[in-house]
Amino acid sequence: MAHSQNQPRLKILPASSVQRKPVGHSLLLTCRPEVPDTNLISDLRWNDNRNMTILPKPAGQSSPLIYTESIAGGTALALIFNSLQESMAGTYFCAASYSVTEKLNAAVVVETYVAITWKDAPTDQRPLMGTDYIVRCEVTANPPATVDWLRNGDQIKSSGRYVIENRGLLIKNITEADDGVYTCRAAVMSTGELKNREIRVEVQIMPQVQRLPLVMDAVEGQSFSVMCNATGKPVPEFQWIKKGTQQNAADLDRFSVNSITGQLDISTVEQQDHDNYACIARNPAGQSESVMKLNVLIRPKIIEFINITVSENEEAVFVCKAFGRPAPEITFRRYGTVEEYSIGLQVSDDRIILEQSTDDEKGETVGTLRISKLATTDDGLYECIARNRGDVAFKVGHITVEYRPIFDHLKALPPVYTWEERPANLSCFAQAIPNATIEWRFNDRRIQDLYDQNLRIENEGLRSDLIITPRDRRYYTAYKCVANNRLGSAEHIMELREARIPEMVPQAKPRIVSATSITFDIMAPPVEPGLPLTAFSVQWKEQFQSDWNFALNRTWSPDSPYIVEGLRPQTAYSFRFAARNVVGLSQWGAYVDQSTPRRSEPETPRILHTPIQDEEEDSDPIVTSPYADHFDMRWSIPVDNGEPIDMYRIKYCPGTKVNGYWTEMEEHCIEQDIARMTNYEMRSLQADTYYRIELMAHNAIGFSKPAHVLMKTARGIDVVLRVDSPTLSSAAVIGIVIGSVVLLLLIADLLCCAFGNLGILATLCRKTKRSPSDLDDEAKLGSGSLIKERPPSPLPLPPPIVKLGATTPLEDEKQPLNTPQQPAASPLKVNSSVEYDGRVVHSRSGEIIGKNSAV
């Protein structure tokens, strides 16, 4: 053995005598001499399977498929296979010479095989649902490989819908449930080679477009949108095609297409867009389409609607023409009303017939409104309405009804009054179409033919004025206005009357008497229509004075409270009254003697809160606060009885009232003096608690009698005191009386405001209040002048509005207003007038009124 190991030989590495490698792989075989002296080795070479010497790689060239290369400093020779081919299989020899004479040889067998190769096995495959599909997986190998299939780790066997073929796995009638990852496994038993190929299968569904409406309407000039919906897998993309021109809608002006959502938008529809449009949905599985017709509507336009003029009792034919697509429907209505006329005879008025004719080819419609026996009430504006599916059009026309003159608007006017040869104006205006001409007649004679200088006619367009200067009584009579047009004539009688001063005031009664003022109720004397009263006047004097020349005067407007202020306490007065109109002051009448009481404490204040509950007749009224912790107490200013009110005293105490007995919590009472105010806010109150409130007014003499009221606060979080009613709860009581309370509140407050200047409305509307003493001082000192009255208008139609103030003296006034002669020690008194503006009485002082003057 030791001798054999020392024998020269060649060793091939790797040492195996057979080298088995797959085709396409590289291989390195090394031939190394094992000799005592490597320097004696010569002619070391490799021979191929055809015993041809394998040459080394040529310098500067690319590597051949097979070549040799010296390694280990030239002591070994490598055989390199860059890429094994099946033809390279065989026996390869390594040969060399040792000491020139000894030949050395070694051999190695190179075997090749074809490795598993995926020939046709795409990793993503997308079959079409409902078809038979082969999941492709073709394998090449030498020796041949066996193939099986796995899904989710489980082996698939050929049975039913699955068939394993050479080309792959056949799945019959594939469904969406067959989606998933399949494993194609190839194995070569002789070589032990095993390879897996994962193939993702995604079943595709061909698009299915939801059916579009067969016809869709779009209005010319407006925008239009339509949505196309489709199912499919993967999600399909959309395209719209205009069928008439086979154009892609996305390429057209004014059109836009969303390929993802399938929405087609037209920014402004034009008539040329009238066509069929196809929505096409595509995905790799195929395509589907649906077709709809776009019907372009032309909005209706009224092309003719002409005003007409028709005489009364004749037939009016009102024609309206309109155009549109489709041809519009036409109807009419009175302008400003909602109800439209229907086709045919109108149920509400059998004089009116609506007719309609349509030309669908031209898109025109003619509507005709016929009104027989035309009346003046038919005159006015009418609206033609044309509508189709695209829009509604409106146009207004006018029917003018010609009719004979009428004087209906003048019949309710009162007579015209004048006096003392003052010019009077009779105005005549006749309603007529066409316009009427006016003439005046006096005693059935044309005034134009009388040439009377006292009768003058002034014409201003459609109106005619007869100016009358009544030089004697024969002019106070009736005048006839005659109007004519081509359809007829009409007459109207207008009367001129002589105006006289009013009759005496029949009665006056004192209603409210205090130490310094008296409020009267005055009965007005009868008046003639058109000659209203403009004022009432009063004169008063102390009873010991016999001469009315020293009387004081005051004037009121007819709608104001009749209050005489600035009187002295404990004094007897005589009053007389007169009425005034535009002519002058009546004779004095309605004499009243009245004494004023002594100066005393004020009257009891009146609380301006409406009670919600009266348990007993003699019990205090109950009011409620909308708040739980405060209450705004309000009251009206009472009569001060000769001394100004300087303060109010309010006291409120919490307590309970059980079975008609009130129990106060004295330790919680609060008393407060208030200076000349008419409201007080009670704060820091307890919720859901009753308070008894006492209010008194004070002047220099003392306190008034107290006004009492029970107040209950609203419910809050902390309820301290609660009244346990033995009968009904507060909620039940409020529910029962709420309707009557609201009504009583309104009536009571309006009455207080109208007759006593009291109540909530009066408080809200009242300006800065002046005390009676202030008014008395003003009356004593004077603060202005009387408003001068305009002389009566020479045109007493309508009757003039006369302001209060001095007027022309009356010669027949038997006892005129006079200025009293004041003693040196007495203060100067001046007369005053009172005006009432609906809210507050305004008193104005003026200059001293002398004899033969009127207020």
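All positions are counted from 1 along the displayed chain.
Cβ from N, Cα, C; glycine included.
Database features, via TrEMBL:
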COMPBIAS  596-606  compositional bias 'Basic and acidic residues'
COMPBIAS  792-801  compositional bias 'Pro residues'
COMPBIAS  816-831  compositional bias 'Polar residues'
DOMAIN    8-105  domain 'Ig-like'
DOMAIN    130-200  domain 'Ig-like'
DOMAIN    207-295  domain 'Ig-like'
DOMAIN    300-400  domain 'Ig-like'
DOMAIN    405-497  domain 'Ig-like'
DOMAIN    502-599  domain 'Fibronectin type-III'
DOMAIN    617-717  domain 'Fibronectin type-III'
REGION    594-621  region 'Disordered'
REGION    771-831  region 'Disordered'
TRANSMEM  731-764  transmembrane segment
Next on the checklist: Same chain only, please: residues at least 6 beyond the ends of the compositional bias 'Basic and acidic residues' (596-606) with a C-beta under 8 Å from a C-beta of the stretch. Say none if there are none.
Outcome noted: 513-516, 518, 567-571, 573, 635-643, 645, 648, 695-699, 701-707, 752, 758
Checklist entry - What does DSSP give as the helix, strand and coil breakdown of the domain 'Ig-like' (8-105)? => result 9 helix, 52 strand, 37 coil
Checklist entry - Reported in the order helix, strand, coil, what are the DSSP residue counts of the compositional bias 'Basic and acidic residues' (596-606)? => result 0 helix, 1 strand, 10 coil
Checklist entry - Reported in the order helix, strand, coil, what are the DSSP residue counts of the domain 'Ig-like' (300-400)? => result 3 helix, 61 strand, 37 coil
Checklist entry - When the domain 'Ig-like' (207-295) is classified with DSSP, how many of its residues are helical, how many are strand and how many are coil? => result 6 helix, 50 strand, 33 coil
